[in-house]
Every structure is written in C-alpha cells, then in structure tokens.
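As recorded in TrEMBL, the features of this protein are as follows:
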BINDING   39-67, Asp93, Lys187  NADP(+) binding site
BINDING   Ser170  substrate binding site
ACT_SITE  Tyr183  active site, proton acceptor
Amino acid sequence: PLTSQSVCCGGGRERRLLGNLAAHLLPSTMAQKTVLITGCSSGIGLALAVKMATDEQKRFKVYATMRDLAKQDKLIEAAGNTVGNTLEIKQLDVCSDESIKMCVSSIPGRRIDVLVSNAGMGLIGPIECQTIKEMQNVMDTNFFGLVRLLKEILPDMKKRKSGHIVIISSVMGIQGILFNDVYAASKFAVEGFCESLAIQALKFKLNLSLIEPGPVVTEFERKVFEDGMNMDLSAADKETADMFVNIYLKNYKQIFQTLGQTAEDIAEIILAENPPFRHQTNTLYTPITTLKYADPNGDLPIDTFYKMVFQHDKVFSASLNFIKMLRWKSRKSFDLGGGRSSQ
C-alpha cells in the first residue's frame, strides 16, 4: 500500500508509479482544472490536495479548504513549494452559507471544475448516550454541508455545462453497522440525495461520483475512536454498554488495522477521468455490501452481521487475523521484491 510519506513527502517507487498512472488516466492536453476540496487539514482531503497540486504536468489549480486555518501546518509541510503556486489554502466551513459563498467568490470567475466534498464528522455509540444536538451536528456537516456546497456551486456548473462533483461517502451509506446509527443515517442521506441529483446533473453534462471507502486509517477515525472510549455510558443499560465496550470498541482497532485503507489509496481512485457513479474503494468490503442486494427483504445482511458479532466472534477474529497476515505478506513482498505482488 501507499504510505503518506511516499505520496505526500515526495519519494519512492510508489510515487513515480502513481504519477505515471495519473498521467495515463488524464489526457496531457487537458487545460488546467480548478479543483476545490473540503476538509483538507488531514486524511483524505490533505492527501488528495497534495497529490493533485504536485502533478508534474501542473494540470490542476487546487484550492484546499478547511474550517480552521490554525490546522493548516500539516498541509503546508506536505505540499511544499506548491503552496502559492498550484495550491492555495482557504477557509471554508461547510456549516456556514456565508463561509462557502466567500470562499467560492474569491476564486477567479467563481470557476470550479472539480468539487470534492470531503469534510465530515463521525459519531459512534449507543443512541441513549448521544444528545440530539450531537446527532444534528453530524447531519449538518455530513449531509447539509454537501447541500450547501452544491447550492452555491451547482448553478455555475450548469451554466457552463461542465463540471465534476466528487463526494466522499462511505460503505455505511449502503449497509449500516453496529453502533454507527447516526453516522450511517447521514451517509444514507448523502447516497439518496446524490442518486436523485445525478439524473438532473446528466442533463447538464455534469459528472457526479460517490466514493465509498471502507475503514480509512486517518486522524478522523482515531478521533471517533477516542470519543467513543471517553463516552459517558451511564444512560445505557449494562448489557448495551458492555456490548459497546467489549465487542465494538475491542474490535475497532483490529478491523481498521486489517480492512483499513490509507487516504492515498482513495486519492488515486479519484484521479480517474471517468469514474463510475458509485465506486467502492475497498474490495475487502465487497462481499459485505453484496449481501445488501442479495436479499430484497433485507434480512440476510442483518442476520449475517448478528451471527458474525454475537455467535461466531472467534471465527470473525480469526478471519481478521488471517486477512491481516495476507496483507502483511503482500506488503513485505512489495518491499523486498521491488514490485507489487498479486493479492
């Protein structure tokens, strides 16, 4: 897999490979495109902003945005001398209409060729222990944040009859997972909104792409985990609290270590010229999401998850360890052999 050092900090065989692949996917004759990315203080947003800004053919002018500019140091360090050239950092809060308007209006001609809606927040745990305000904050950021962006940017794209809207969604927008009730709801809202909008967008020759990662090893996920560890569970019954702590949180890190992707893996997918409307970036999750469509009644995925978590937890844990071993061997083969082994 690609490390943040190989992509963001400028060295290694992997970086050259990515550069060559991106050059193959995107025509060299393409005029420089203006790209606006939200949520660039870390993770997927940061990795993608750096990847596009460091493009050797300078095909992108990247506006990397974040809610709090005090958190821009990591991006500045990773982007190097592209800052002020192919990359500019701007303040944008997806929960503020005024902030979005100010940012978009500061871009020459308000022209945005590619919008990457990446800003988001997570929430895990028993709903009895979450406030309505916390739930509203998740919906306001993950769903209404996207809506605010499009209300400001979509009319200009329609007038030009050109543009690409990329939304970082989640596999949890297809299949809900234990103790991710509100987060899954926000991603389900995003998926339904985009399915409807895509039909209209096609009429205006606009591309709309949903990127659906599985677990991604970023600061975002680490913060969600820490918040879960520190959650006040006094409002939950003992059985539910025990389920959250000793089943969900206990397996959380192992799941991410086994099935997790780096932000750079996902950034590479987004660079494809004509990505499909819906793209799941983690093939290890394909069997899980396939269950959703295999049974029209919806019982199969729920029953499968229930048995996996509560009846066959030892088999589940052993399977994760087996997958982790296979991925470790694959990585080791890549490091020692100088090339990517088959998986």
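Note that Cβ sites are derived from N, Cα and C of the backbone, with glycine treated the same way.
Keep in mind the model is a prediction, meaning the values are calculated, not measured.
There are 25 other Cβ atoms within 10 Å of the Cβ belonging to Lys51 (NADP(+) binding site).
Tyr183 (active site, proton acceptor) and the residue listed as 'substrate binding site' are 10 Å apart (CA-CA, integer value). Scoring each of the binding-site residues (Gly43, Asp55) by how many neighbouring Cβ atoms lie within 10 Å, the top position goes to Gly43.
Tyr183 (active site, proton acceptor) and Tyr63 (NADP(+) binding site) are 27 Å apart (CA-CA, integer value). The Cβ of Arg67 (NADP(+) binding site) lies under 8 Å from the Cβ of Ser41, Gln91, Leu92, Asp93, Val94, Cys95, Ala119, each of these being in the same chain and 6 or more residues away along the sequence. It is 17 Å from the Cα atom of the residue listed as 'active site, proton acceptor' to that of Gly39 (NADP(+) binding site).
Ranking the binding-site residues Gly39, Tyr63 by how many Cβ atoms sit within 10 Å of each one's Cβ puts Gly39 at the top. In this structure, the recorded positions under consideration are Ala47, Arg59, Ser170, Tyr183, and the one with the smallest number of other Cβ atoms within 10 Å of its Cβ is Arg59.
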